[in-house]
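Right, one structure below, let's go through it.
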């Protein structure tokens, strides 16, 4: 009986294929096994996965590197408008032209001049009387000289030049009469409750009302709509006076038609200007406070939107249109740095002016008069308006500069570029008149808007595309791979190999029998886990790439024994077991 069983066992052992009888023997048995066998396919798969993983890591690294460089992209379009916004236009004329209506009697005694000024000032007893009463030309010239002097020594020079001018104004004997006159005006302003900005507006309007014959906004409406246009003074200096049209909310109209949208008719006293070289006027469509403002903003700025050849006694037509609108992103890069200027924030010009104000405050502990419009009310108690006769400046040893502060003043990220055509239509019939007509050209222009290349969602999408391009992974697969690697390292390597002698590894935790959750697809319940190998699908159970467990062959004696409840652990040659 024992021999018979032994013979049967030998037969069945011979029936088992060698690669199943000895699964650890992976040596190829033919050239086909060498090229296409399980080991070859396994190594090929590992090589392909490793190669694609390298490509994936490279792409992901490049993506992160590009993302942290904060790349930008630009969207370029052509805009076809039906109307345009009224630009903030600035006109500037020389002081000689503005003063041409004042007839000076150089032989009259100074006491007579002072008496007329004092009498007029005495009649203006309060704020409203001061602002509404027409001034004698002597008052206008004194007030203009005061404002222009303060503007010149506070703004129209360098920081160190400003300190030197303050020193000269305080100590020069030749300026004693001017210091006395300015103190008189300051006392009047303080007693009437008039700010320096109101004083500037009143003085400028008194200067221009003798020259301004027409200053109006024009439209092509059939009903001949009248648009009320106010005059705002933006700059007064020893060289020029600058002004702008100003509209309230009800009178701010868009430009709906090509052609003339604004005109200005000026007069001057040709007798007083005869034989003098009078500088031509300028027109700036960027609305900068003065023609000198272009040089205060920095080096190498564009000259677009500006014309300075509007000379006396001629008829001028200035045609402008927008060529491009650039909207950049805020940045600190040299050459492109800029800031978005919101309502209530300083423009670049006001920022630089504020730097000069802070420099004078540090030197004299007071607020410069021409820059007082930038000061806060609560600061005026600490830094009152300057009386430069009380300011001591050491020009020889002191180092006065506002460069460090000015370097923090950036251009506006929104930049408009104008194209301006100026043509002279001939001389006026009256040589004492000058006509300036502003016309608008085409309404279409080019826009370029910068945007960040990556948002949070687009970066995640690009990252998913990079890891899915070569390996077909997703974000979930990436999480599974990290979790699987951590689990494999802690359980298989640390616990089994390093801490095996300490018996810290519990066999019941081995493998992935216990999943994180279960999915029921209707035919079976499948356990899922975040620690699952994302590449397991390439070698499903029972595939040729996965080694088969030793078991009973169908129709074999062992299968019969297993079926009858015999040895369920495997085949044994001992019949007595």
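Placement of Cβ uses the backbone N, Cα and C atoms for every residue, glycine included.
Keep in mind it's a predicted model, so treat the numbers as computed, not measured.
In TrEMBL, the annotation transmembrane segment applies to 43-61, one of the ranges 43-61, 62-80, 81-99. Among the ranges 387-410, 411-434, 435-458, 459-482, the one that TrEMBL lists as transmembrane segment is 459-482. Of the candidate ranges 1-29, 117-145, TrEMBL annotates residues 1-29 with the feature region 'Disordered'.
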